[in-house]
Amino acid sequence: MSTFFRRLSKATPIAFSHTFRNQSQSHFRLPVTAIAAISGGISYFYYFSEPNLAHLDQINEQTGPKTALIPDKWVEFKLQERAKVSHNTQLYRFSFDPDLKLGLDVASCLITRAPLGEDAEGKTKYVVRPYTPISDPDSKGYFDLMIKIYPEGKMSQHFDKLKPGDVVEVKGPIEKIRYTPNMKKHIGMIAGGSGITPMLQVIEAILKNPEDNTKVSLIYANVSPDDILLKKKLDMLAASHPNLKVFYTVDNPSKYWVGGTGYISKDMASKGLPAPSQDTLVLVCGPPGMMQHVSGGKAKDWSQGEVSGVLKELGYTEDMVYKF
């Protein structure tokens, strides 16, 4: 496993490689309570009965730029390695043809599925979940998923049983919001628990581009200091990039905690986010309770819906807020 960590530190993007630095000395922990899916989106499942699965060799049939992902077909990706991040969180690296790109834009997720028995007609049933890769979308030959294993989670339990060499069926990408350099002068972010994942996609896209002058202000809420995902990585990024500011708040602070305490308040948001403006955008991702408190949830049809909660009180409008 130490060989895997060394290889990861050289091959993976910034949000991933630093996660495993000094792995033997410290571990990152995810929230103990059940919060948003690692994808940062809403976990859901439904069933498919699609007997003909697409494999990587079918990519040759595509025209135009070749990508490993095919939007309307399920593709098998082989598990290359897995590594423990915390007591209930695993990291999975899936491989594909190194001459290809994954085909994922910022910010997008992909969809995974796993067989879940058969229905009354003998057709295969599937459990389906969306996940946001934490690897650089431009990486060739691999992508990485960080997944919290829930005791009753149908998909996460499937992932927990995977061994190197096993395959997972994937479809996508599912575009959330198309980020382009300098699209806004200042982007605010509010993340709860594993809702940090899509934020990292946007943060890394900004910080790796010397032509992108966008400022980023992140408010990151968790249950306790030990639950903060990738804190050392975020701290390092903020220290080395003056256009990134990070503020943490926790429900249960430790004795020496120096960040915020409690739910994200109107005062926290007014101090930690850019002021409402056509030059700003606030991204929100987290568990349903946090979403309702901060911005309101999505509409019943999964559209963005109206803005409510803390952000509405501060004067943000629908065109200034995006909910993952």
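A Cβ is built for glycine as well, from the same backbone N, Cα and C atoms used for every other residue.
Restricting the average to the domain 'FAD-binding FR-type' (72-180) gives a pLDDT of 92. Per TrEMBL, domain 'FAD-binding FR-type' is recorded for 72-180.
According to TrEMBL, the FAD binding site annotation covers R129, P130, Y131, K148, K154, M155, S156, T197.
In terms of DSSP helix, strand and coil, the domain 'FAD-binding FR-type' (72-180) has 7 helix, 56 strand, 46 coil. Summary: among the binding-site residues (S156, T197), the fewest other C-beta atoms within 10 A of the C-beta are counted at S156.
The sparsest Cβ neighbourhood within 10 Å, among the listed binding-site residues (R129, K154), is found at K154.
Every protein chain considered, the tally of other Cβ atoms within 10 Å of the Cβ of P130 (FAD binding site) stands at 22.
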